Amino acid sequence: MADVEQNVAVPDAAGNGSDAVNGTAGRFVSSPEGTALAYGSLLFMALLPIFFGALRSVGCSKSKNASDMPETITSRDAARFPIIASCTLFGLYLFFKIFSQEYINLLLSMYFFVLGILALSHTMSPFMCRVFPANLPNKQYQLLFTQGSGESKEEIVNYEFDTKDLICLGISSVVGVWYVLKKHWIANNLFGLAFALNGVELLHLNNVSTGCILLGGLFVYDVFWVFGTNVMVTVAKSFEAPIKLVFPQDLLEKGLDASNFAMLGLGDIVIPGIFIALLLRFDVSLKKNTRTYFYTSFLAYIFGLGLTIFVMHTFKHAQPALLYLVPACVGFPVLLALFKGELTEMFRIQEMICSCYGGKHSACRGVQ
């Protein structure tokens with residue numbers, strides 16, 4: 001949903017940063033090698049949450065923990081989303097224009113500090129299960145908040161966790177403190193990747209039609225706010241929160257203290273990612289032991305994002321990535337389904353997934 005942009009100077013913890021406006025005197029000019037490394041790294045980082053988030057989305061609905069259950073996006077939600085996103089984006093733009101950017105970003109830092117710790121902890125949990133020593137005790141805990149007493153007692157929070165979850169939470173908290181104190185780009189990317197992976201895993205489209213509505217609406221949203229106004233670019237540069245992946249173009253010259261960044265908004269990962277994850281679940285529902293639609297859409301995403309970067313680099317202007325990603329991620333799988341004669345099945349994916357999961361998948365809500 002955000003744009004892909006180059007030559008963004010990210011301030012350090014003290015609020016100092018070089019000018020990010022093209023043509024400013026004295027601005028560092030990246031080497032071709034540094035630029036290629038930055039673009040390639042952004043592309044690689046974008047693929048990680050899509051690939052692993054899609055794989056985790058297949059089985060997350062079987063979890064017994066309520067916090068791991070997916071949230072289903074309906075066609076009504078999809079139609080409203082571009083309007084809500086536009087109001088939110090413009091509201092942030094006005095806030096940055098009216099109020100002090102420093103205080104706004106301080107509040108946002110605290111907010112995303114908490115969210116980032118939870119998201120990174122959830123992301124690390126499956127890996128911790130594999131590396132946790134078998135000879136160490138893994139104690140079980142339960143966080144329970146209730147309201148009322150006796151027969152009128154009502155559960156407000158009921159969360160079960162164990163020692164492995166506490167270790168993940170501790171590691172994530174260290175990253176969170178690092179991010180709040182230093183605003184380092186690596187800490188930003190760790191949180192950003194965690195947000196993106198959780199989004200792809202836990203946000204489920206109920207069918208392909210809903211996906212087309214969502215991606216089509218955000219296609220218009222992205223093009224308008226990037227090409228029609230300076231709102232999105234202004235917010236993206238002012239918003240000091242891990243809602244974008246960044247990579248320094250001057251890494252080869254300045255090392256980890258680099259400050260000249262290319263960036264990619266998380267919306268350009270999560271929105272196509274949840275559609276790609278839907279197609280993976282469609283592959284599973286076909287029970288043909290192939291992942292044709294998943295790999296087709298995954299390669300289409302690589303093509304679309306690569307084209308975005310090429311156009312941006314050629315014309316030296318921020319690009320709405322969904323302008324290129326939406327036609328690629330929707331068009332290629334639909335053409336493949338048309339060629340294979342499975343177009344009807346693709347648009348009946350909700351019923352097929354319900355059949356495959358025995359009616360227990362979140363997409364089955366409302367299906368008779």
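Residue numbers in this text run from 1 along the chain shown.
Cβ coordinates come from backbone N, Cα and C, glycine included.
Record features (TrEMBL):
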type	residues	note
TRANSMEM	36-58	transmembrane segment
TRANSMEM	78-96	transmembrane segment
TRANSMEM	102-120	transmembrane segment
TRANSMEM	208-227	transmembrane segment
TRANSMEM	261-280	transmembrane segment
TRANSMEM	292-315	transmembrane segment
TRANSMEM	321-339	transmembrane segment
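Contact between the transmembrane segment (78-96) and the transmembrane segment (208-227) is present: at least three CB pairs lie under 8 Å, with pairs separated by 6 or more positions in sequence.
Tertiary neighbourhood of the transmembrane segment (321-339): same-chain residues 1-4, 211-212, 215-216, 218-219, 221-223, 264-265, 267-268, 271-272, 275-276, 279, 292-293, 296-297, 299-301, 303-305, 307-308, 311, 345-346, selected by CB-CB distance under 8 Å and a gap of 6+ residues from either end.
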